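Colleague: Quick one: this structure, given as structure tokens, is what I'll be asking you about.
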Amino acid sequence: MRSMRSGRDNNICFLGFLSFALISLPSLSLALTNPDDVAAINSLFLALESPLLPGWVASGGDPCGESWQGVLCNASQVETIILISANLGGELGVGLNMFTSLKAMDFSNNHIGGSIPSTLPVSLQNLFLSGNNFTGTIPESLSSLKSLSVMSLNNNLLSGKIPDVFQDLGLMINIDLSSNNLSGPLPPSMQNLSTLTSLLLQNNHLSGELDVLQDLPLKDLNVENNLFNGPIPEKLLSIPNFIKGGNLFNVTIAPSPSPETPPSPTSPKRPFFGPPSPNASAGHGQAHVRSPPSDHHPSRPTPQGKEDSFTSKRIIWISILGAFSFVVLALVCLLCGRKCLRKREDSEQLSKPHLTSEYGRAREGSRSNASMLPPSNTFNKDKEARPKERVGGASKLHGGAERSVGSESKQESHEIDMNGNAMDLMHPSSIPPIKRVIAKATEPAEASLKRTTSKSHGPLTAVKHFTVASLQQHTNSFSHENLIGTGMLGSVYRAELPGGKLFAVRKLDKKSPNHEEEGKFLELVNNIDRIRHANIVQLVGFCSEHSQRLLIHEYCRNGTLHDLLHIDDRLKIELSWNVRVRIALEAAKALEYLHEICDPPSIHRNFKSANILLDDDIRVHVSDCGLAPLISSGAVSQLSGQLLAAYGYGAPEFEYGIYTMKCDVYSFGVVMLELLTGRKSYDKKRDRGEQFLVRWAIPQLHDIDALAKMVDPSLKGDYPAKSLSHFADVISRCVQSEPEYRPLMSEVVQDLSDMIQREHRRNDSNGDNQYTGRR
């Protein structure tokens, strides 16, 4: 009896232990994060002075399983930490090397100080520390980061020399060290950066020559406001975007090196008006080949001293006579040119009333804010120039209506040839037979803009100029209640005018590019104002005063497509299948206009469902168009790429710092997937294999049964099977991993238009047209 009771007690104990183990098992299995990564992120949290970040703790925790803010994982390993403008302080600490596979780290625009740690993770590919308070020198341990491709350390307090650490960093694509206190020459190992395309060094105290850069595949090089000297290597002058002002360069251009050619004994000296550089070099490669110190050094004595002296004097006199002749010739040309210009202006006066009579008057009449523009000739010239620019940027829409410049009227019947002339827009009887005036209409808009903005800082655009005081009044002093959203370029507020008219006011962050330079900001305003399409958010006005830079756009009451699909269940019900296809088509037309019709072409760079605004009729208005110059500069560019990639919109080539029109196409394909499935592009609440929408969806797009299961459940199966299949085919082409296999946006527009036409024909017999209105 006693043995039976003891056996029963043992069974009870065993069952109790088993129950405890089963209860504990889920909590153990949920601890997904690698322990080394947990220790590293705990150490980072303490070094940052324990900021208020959702999920973050000083000890333990599960960053991957609990989705800590700004932390992205791959399986159990932390791969990305993005904490931009999070008001962080403290330092980065010394525990970063404990991360096992951290690839991207972005702490831009915070208040982090101290020195940059020498214990950075060797797995790093992207490092963004711009806009902080880092001091000290750039660590030499960078040489161990052999996977590093992008590094932004700009806008800090770094000092000392750039370390000679680039020997093994052959994957580097972008480097931004601008706006620090760096000094000394460029390190020789920089010549090993065989994949470097962007190097920004402006606003430092760097010195020496640029010869170590001459064989690099650079597309962007900014060295302005430094102490660089010597001749500029000839190869650097072919860089598409080379900014070099504010240095001590000689007028002489250093020739390309040719080691096999010996120096000529009678080669001329440096020009007398430029001081000889102590380090004048034409060399490159591993050993810096310097020019032999023959007669390039005037202080060196030679046997033919008298002949050299005579030759020098002769060269000086020839130079003086040549300069004098050039001045005389320039004066003659100037006088003749002014006479010709007067004659030309006289002839143009005959045609100006006709050129502005129909096209220009529509623009003037539609603008109630003409009095806000600067008086005098600036406005008069602009009135005549704008219609000419418009011809270059006019669009051929696929069944869509193009907005008139600042008016509610539509020009649905006009198809304007971009290579044609202004005569096609007017009644023949109103055109004087002056061919010279018509030919001027084909002048590229950007050329005219650059020429004019270089002479004046006044606004050339006809959009309204608001004051800061008026915008404060209309936004309740930019109150939190009026805040619509916050992005990488600043915050957006709702403004309500006394008559009830609503606008969206974008307050640009003071750290964003072009913020300080008013001329560049006004040029940006002009460029945005020229982007006019029925499916693109229209610029209404701007503000540039008291160091504030603001852009005012039209307001769309139904918010964003992202909110409609993922937040507002009430309105989501109204998104029938046909309406979703129409939304995709209108968004595609906006990108087609930017890529293939707008002059000059434009890349969006930030295309996502949150930037697709919807008006009262659920019509598409794409926002952030024309802001690519802000996004493509410095740390903001890397931030844009990181965010798009982190949230599932980024094309695979983002990893290499590449952004082209085909990246916009990829992002558009992701938005189409959102319309198809009703899912977010990245949803950390879903199972790990379903968090990134593209990865989850691609294998199923060509499986009929799987495709039907992917469709947004809120559609309740109400969609044509063929239309669904065609929609999936377009998505599949847009999200191809190789950019060359993605279609042009005009092809996408054609495919979606054909889909709608087929459905129109199918529904005509039923009198049902669901592609219009809110249904």
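We count from 1, first residue shown onward.
Even glycines carry a Cβ here, placed using N, Cα and C.
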Colleague: Going by Swiss-Prot alone, which of N133, N558 is annotated as N-linked glycosylation site?
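Modeller: Cross-referencing N133, N558 with Swiss-Prot, N-linked glycosylation site lands on N133.
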Colleague: According to Swiss-Prot, which residue out of N279, N763 bears the annotation N-linked glycosylation site?
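Modeller: When Swiss-Prot is consulted, N-linked glycosylation site appears for N279.
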Colleague: With respect to Swiss-Prot, which of the residues N74, N192 bears the note N-linked glycosylation site?
Modeller: N192
Colleague: Please give the average pLDDT for the topological domain 'Cytoplasmic' (336-775) in this predicted model.
Modeller: 72
Colleague: Mind checking how the repeat 'LRR 3' (147-169) divides into helix, strand and coil residues in DSSP?
Modeller: 0 helix, 6 strand, 17 coil
Colleague: Mind checking how the repeat 'LRR 5' (195-217) divides into helix, strand and coil residues in DSSP?
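Modeller: Counting residues by DSSP class gives 3 helix, 7 strand, 13 coil.
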